[in-house]
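Colleague: I'd like to ask you about the structure that follows.
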């Protein structure tokens, strides 16, 4: 009898979603900041606040406010293609982090980057489908000082490696890729990394204590052959040494190409043969 009661209680807990792990620890919180920001970001566009299209994962308490990981994953069962994504950190001095445009070969979105969070804030994303529907979700992140944090390298070292790029290719989410023949149509995972201090204009030189002038990558385009995978238009809140990890569908081309431009007008561009991408 006792075992039957325990079993019934567990079943009830599962049916109501009370089992640990189902509840989001850090959902978006209500606040006036987003009310004030909303029109500047999306004007009068109606928003569906839901995880039905995609989820956004970010830590409740960030280890490093200057490099907070943000992971966008299309929800299981969602078939609408996400054509555009707007990333916002409500309480940052410049809340609009970036706008991303995705090509068809990104498919069901699985996309990760790192952002700066300047004070306790909602980190939200607005995904817009091909049909024009806009979904919003996000997480509340406890972090402070990310936009004013000093760069990890001095200016000379940062300039010496400015624009250097690296790509890692993965066969799946856990294992490094092996060189192979035609993988057309397969889902693959890649990570691109670009050396750039992405100065926000809010950090100080640790020797002179003067503010370091803003200089950051504001345009990024990633191509697979001639096909655009994604484009980013960004502000000051993408972290130093930008990194992007994403899943895409192999279109049979031999290369991945990266084009980046910073606010000083300097262009960085490199093409990587897929079979020789670093593992």
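Just so you know, glycine gets a Cβ as well, placed from its N, Cα and C.
Pulled these from TrEMBL:
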DOMAIN    41-147  domain 'Ig-like SoxY'
DOMAIN    181-272  domain 'Sulphur oxidation protein SoxZ'
SIGNAL    1-20  signal peptide
Colleague: For the domain 'Sulphur oxidation protein SoxZ' (181-272), what does DSSP give as the number of helix, strand and coil residues?
Modeller: 0 helix, 50 strand, 42 coil
Colleague: Using DSSP, what is the helix/strand/coil residue split across the domain 'Ig-like SoxY' (41-147)?
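Modeller: For that range the per-state counts are 5 helix, 53 strand, 49 coil.
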